[in-house]
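Scroll down for the structure; my scribbles are underneath it.
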Amino acid sequence: MAKITQTMISQLLAAVGGSSNVSKCGNCMTRLRLTLANNGVADQAVIKQIPGVMGVVESDEQFQIILGPGKAQQAAELMNKLIESVINGDVQEQAIASDTNDLSSVAAEQKKQMKSKQTSAVQRFLSKFATIFTPLIPGFIAAGLLLGFATLLEQMFVLEQTPSQFMLDLIAYMKVFGKGLFAFLSILIGYNAQQAFGGSGVNGAILASLFVLGYNPDATSGIYSGMSEFFGYTIDPRGNIIGVLLAAIIGAQVERKVREYMPDDLDMILTSVVTLLIMGVITFVVIMPIGGELFKGMSWLFLNLNDNPLGAAILAGLFLISVVFGIHQGFVPVYFALMEAQGFNSLFPILAMAGGGQVGASLALYFKAKKDAVLRTQVKGAIIPGILGIGEPLIYGVTLPRVKPFVTACIGGAAGGFFIGLVSYLGLPVGLNTVFGPSGIVAIPLMTSHSGIFAGMAVFVVGLLISYVVGFLATYFFGSKDVDLS
């Protein structure tokens, strides 16, 4: 696979319209995420031809270039440095060939932009969740792995035994990071959410803290807020992450509106004061009760879907489509709801089966292709990341361009999801021990259940194997006919 080089980044920057067209450059684990002033200037055909680019996902809010695991962060760092150098005049930007004076071209471009705005409102909204949660993913994974290893040590050396003090201290030490993360996670999310929707992150963090504080003066744990009611109105800090997101999203809009009317000289002093006073009322009186009901409803819906084999199959089968459109981060609030309701994330292993279907489908294409086929080289380069839970190289490099294998990969994922849902229906729900984590075989140590981690790990492994096998067979016999295997 192509390395990330200065030349490649220069080509990408030129193809997206130059530094003047890039408002913001960031990344997630596998994608370079750009906020462009005008998406229509970007030449997708040229971008896709640049070595190392696996695909492009476009929305009105973000222009996502898929580069694969371990490359997106490096690309973002290089591009930000290049943009800074161009702005400072240290380097000359690569010329962009674009005929913007042609009236028909301008009209066509405007039509494209308007159509995007009309058809992708949900996609634009959900894409912001990537901005909110992607920076937190490494912490989720680290805390989850440490908790998984701590639980494993606990079951092997503590339960029904007389453990050493060192072992008890080690287990407590490995667990403390997860406790710290989840104790203040709402504040981190509030900060990111308000910032993502155009407000000040610190205001979002303060609003989120209203859900963390305690309102019972007799409570023996937590931080007492100093108030038990709001002007005679009982405070019930329900809603968890749903309430925090609602408060931050609405708070960003309120802050922007306040700033419109606030004199520049007073902006630094009063904008946040007015925003917090307004949002405090809205949060205590409206958002907390509504957020609580939404949180309960979301938990009930997905608990019932997860415990239903058909529901689980549908969720797993459709998940790859959400990845293609870049809206899969929209499931993260659901993960929080399930963590609150069950103590683990029972949706994640179901959705992870989609990656297993990709692996099986890609292996089938490998065996169907001739020994000297380019397809075999593509599969070789992407199959290991796929097994480890990073499926985008397989999606954009192998199955999606050939369409039929993508469909049969979804079928493989649905089969694995059906199995996970069936086991849950029979009384053994399994899930991730943290909100978010890696999928594929890397997720095995993070699996748990009410019957312990070994049962959770076993169910997950069997589900993955089913996804591999069904994805392979469906593709080998049905998904490779009339498909380019060169």
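A Cβ is built for glycine as well, from the same backbone N, Cα and C atoms used for every other residue.
Going by Swiss-Prot, these are the annotated features:
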type	residues	note
ACT_SITE	CYS28	active site, phosphocysteine intermediate
DOMAIN	1-89	domain 'PTS EIIB type-1'
DOMAIN	127-486	domain 'PTS EIIC type-1'
TRANSMEM	129-149	transmembrane segment
TRANSMEM	170-190	transmembrane segment
TRANSMEM	196-216	transmembrane segment
TRANSMEM	230-250	transmembrane segment
TRANSMEM	268-288	transmembrane segment
TRANSMEM	312-332	transmembrane segment
TRANSMEM	347-367	transmembrane segment
TRANSMEM	381-401	transmembrane segment
TRANSMEM	411-431	transmembrane segment
TRANSMEM	453-473	transmembrane segment
Name the range, of those listed as 170-190, 268-288, 381-401, 411-431, 453-473, that has the largest tally of Cβ pairs under 8 Å with the transmembrane segment (312-332). 411-431
For the domain 'PTS EIIC type-1' (127-486), what's the mean pLDDT in this predicted model? 88
Using DSSP, how many residues in the domain 'PTS EIIB type-1' (1-89) fall into helix, strand and coil? 39 helix, 20 strand, 30 coil
Taking the Cβ of the residue listed as 'active site, phosphocysteine intermediate' as the centre, count every other Cβ atom within 10 Å, in any protein chain shown. 20
